[in-house]
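Inspection log for the structure reproduced underneath, given as structure tokens.
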């Protein structure tokens, strides 16, 4: 029998065989990875790996050509090496295409250390190289941190497998990526002249949530105008990076009785802000603690996300990391709460603070 390693086939590999090998590879390198196998099962696994290696050696040129034509990337052989190195070979296969499409590089960071995570969870990520013998979809723990999309092998990883800045991209649902029961769970992130990233979520609802969160951040990046995101009551949420200044706060959703305020035509532009400030100050006179016992009221302890300097005397100024105790959320609809810090009481932009305790 000729040595497979020295034999090359003049015929292309049939699609049915490619599909079969892909299924076997998935089972051997992915499903059985890390399983506590019996001695007999381990021997069978090694036998299957050897057979796949033999087939690869016969169709080596075709395999390489397909990989180069599709992605222009070098493919890492998942089964290189003797059988006793199978775990290392499988890990090499799991290594994703980590280079970013635009050449930008981000420092390694552990999944648990990502700051300001807006959305996170497990997704199936489509491989850039998903040709013959390659897993088309791989499970990845993904996170949107500020304006960078990271993906990891798991949420315990100390370093990302890849990442990309979403600036300039667009996102949409795409049910044409798969033909199975998950076709309505797919979405893609794309941009002209850049790599397309395609994902499958656990459910259509989860996919929609990813799309909406990405769209919200992208809209915020494209304009200095705060995107309007309404909750069920139709109230406005303030954008994190651009809180509403006092002078631009809406006065009220209800019409204001003209008899309360005297009309001053020459000061018409300033009349609305004065009313809002008066309303805030009147409400602040009756500020009360949100809980009876401050020492155990952990839910109302917050800390500064960024440095904030108050524009008015009734606003608190604080630094990133400062501890603020929230006394009242009376102005929640305007994006402001009433807080106390080091004995001083004042208005705090809620977009500039985060919960101190995870309750």
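Heads up, the Cβ atoms here are built off N, Cα and C, so glycines get one too.
Per Swiss-Prot, the range carrying the annotation region 'Disordered' out of 45-66, 67-88, 89-110 is 67-88.
The Cβ neighbour count for residue 197 (phosphotyrosine), using a 10 Å radius and every protein chain shown, is 22. Sorting the domain 'PH' (116-219) by DSSP state (H, G, I as helix; E, B as strand; all else coil) yields 19 helix, 41 strand, 44 coil.
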